[in-house]
Amino acid sequence: MIHGKEVFEGVEWRIRVADGSSEVLVQETGLARKAWLRIKGLISGLAFKVWMFLKRAWDMGVNDPKKLIHCIKVGLALAIVSLFYFMRPLYDGVGGNAMWAVMTVVVVFEQTVGATLYKCLNRVCGTCLAGFLAVGLHWVANRSGESFEPFVVGASVFLLASVATFSRLIPSAKSLFDYGAMIFILTFSFVAVSGYRVDKLFDKAHQRISTIIIGTSLCIIVIMIVCPIWSGQELHSLIVRNMDKLADSLDEPILPIMVSGCVTQYFNHRGVCTNSNEEADKKLQGYKCVLSSKASEESMANFARWEPSHGRFNFRHPWKQYLKIGASMRSCAYRIEALSSCINSEKQAAEFIKKHLSISCLKVSSSSSSTIRELAETVKTMKKSSTIDLLVGEMNTAVQELQNDLKSLSYLLNPSTIPENKKMKTSMEATATVPLMEIIPVVTLASILIEIAVRIEALVGAVKELAKLADFATHDDKSKQTKTKDKFVPDEKQSEGTMKAFQRV
């Protein structure tokens, strides 16, 4: 008797023989069905990957519209320069060398105005200088005779290429003319060597220089007219954002994280700082963004020097001072990183020692953050602050209080040295001598906070120097009153809340 039943990938047949035993024979899936399942899986996987790519691209365009604008401008410039091929009169003017204009647009078009101007001017200058020298060399080589012409060309290529390459190694020249030197080497070698076999070298060099000038001019027009993105403005905004991130890492008044939050948890005996909030985690890593922004700052400052006056920035705006401000911020960020490691260390101080230093440590972190926020507002509005000196004074006062509390810790190591008229009114009067290893962690934390405050003073000096060089505006009496009413009153309320939090600690 034969019984059959259908299974998932085929038909299973069970055969019962005379002795009562049974055997199962499974028919394998056909090759066509296997191939179809494999192709279906590949198509569905490919479609999913394409969909995820399009979704990420859409999110990137929504989050950063400047990238989308840059793509549109590149397409616009290429479409316009293509007219030299499509329109007969323009094609007859430049001939087949119109492709050099297209290649120039692709090579020199950058996202910001400063970067595009840097490449365009360097390319034009390098091409023109190399072209003129190569044509002059070709004339001299022709006059030297057919036998000496290869040696003259080879020696000149060796000499000028070596000198131009050496200039790229000089830091001051590299920041301004690195791209131009590379174009000079390429153009000179190409024209000088090809001139040995090509007739009418002057006409070909003239056409190529003309097309390169056309391409660079078109890039400059498009980049400056269609939604221009200025390197100077980007650098200015980057410095302001980094200051805000540094202040958030040091003390966030709404979501207590990093220093203020972790120090609060540290002094409240809750262990290391943990926070699962995604927004809080981003602010926690704010100082790391400051540490990794050096290359971007230097690049933007270099390109900003090529830009004309725009907005609040004139042609001779002190862009180098922004690099000094960035260096001061990174100096603070390094100490915040050390502070984070100290807070999350496995070795912790005694609880009553934490309590002894809690209020002064929190005051230093809060006042330091307030100072950085005021500096960020100063740079953002390009107006001199009328309260920065007051905030620095409050920070120094908090530092002095912390130093006094640190000095009083020496009595814990030797209680017999406490003067009779300066007995501590806390529970530490009856405390036995504390081991040194239980004091080191909190003393290290306090010393790092003091060093952060010192480095913030250097940052204040750098911002004041920028305000002087850039001629920041000053607040008149009316604006000061408005600022006091609109800004400092809420801060006073916030300070009261902070002091209450200190008292609870």
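Cβ from N, Cα, C; glycine included.
The transmembrane segment feature in TrEMBL is assigned to 35-54 (among others).
Same-chain neighbours of the transmembrane segment (66-86): 60, 93-94, 98-99, 101-102, 105-106, 109, 111, 211, 214-215, 218-219, 222-223, 226-227, 229, counting only residues six or more beyond its ends whose CB sits under 8 Å from a CB of the stretch. Under the heading transmembrane segment, TrEMBL lists 66-86 (among others).
Tertiary neighbourhood of the transmembrane segment (98-117): same-chain residues 66-67, 70, 73-74, 77-78, 81-82, 84-85, 90-91, 123, 208, 211-212, 214-216, 218-220, 222-224, 228-232, 234, 300, 302-307, 310, selected by CB-CB distance under 8 Å and a gap of 6+ residues from either end. Residues or ranges marked as transmembrane segment by TrEMBL: 98-117 (among others).
According to TrEMBL, the feature transmembrane segment maps to 124-141 (among others). A Cβ distance under 8 Å defines the sequence-distant neighbours of the transmembrane segment (124-141), meaning residues of its chain 6+ beyond its ends; these are 148-149, 152-153, 156, 160, 179-188, 191-192, 195-196, 201-202, 205, 208-209, 212-213, 216.
Feature annotation from TrEMBL assigns transmembrane segment to 147-167 (among others). Taking Cβ pairs closer than 8 Å, the transmembrane segment (147-167) reaches residues 133, 137-138, 140-141, 173-174, 177, 181, 184-185, 188-189, 192-193, 195-196 in its own chain, all 6 or more past its ends.
Sequence annotations record features per position, and here TrEMBL assigns transmembrane segment to 179-197 (among others). Residues 118-119, 121-123, 125-127, 129-131, 133-135, 137-138, 141, 149-150, 153, 156-157, 160-161, 164-165, 167-168, 173, 205 of the same chain lie 6+ residues outside the transmembrane segment (179-197) yet bring a C-beta within less than 8 angstroms of a C-beta in it.
Per TrEMBL, transmembrane segment is recorded for 209-231 (among others). Within the chain carrying the transmembrane segment (209-231), a Cβ under 8 angstroms from the stretch's Cβ atoms is held by residues 66, 69-70, 72-73, 76-77, 80-81, 84, 94, 97-105, 108-117, 120-121, 123-124, 127-128, 131, 300, 303-304, 307, 310-311, 313, all 6 or more beyond its ends.
What TrEMBL lists as region 'Disordered' is 474-505.
Summarising the annotation, TrEMBL assigns compositional bias 'Basic and acidic residues' to 474-495.
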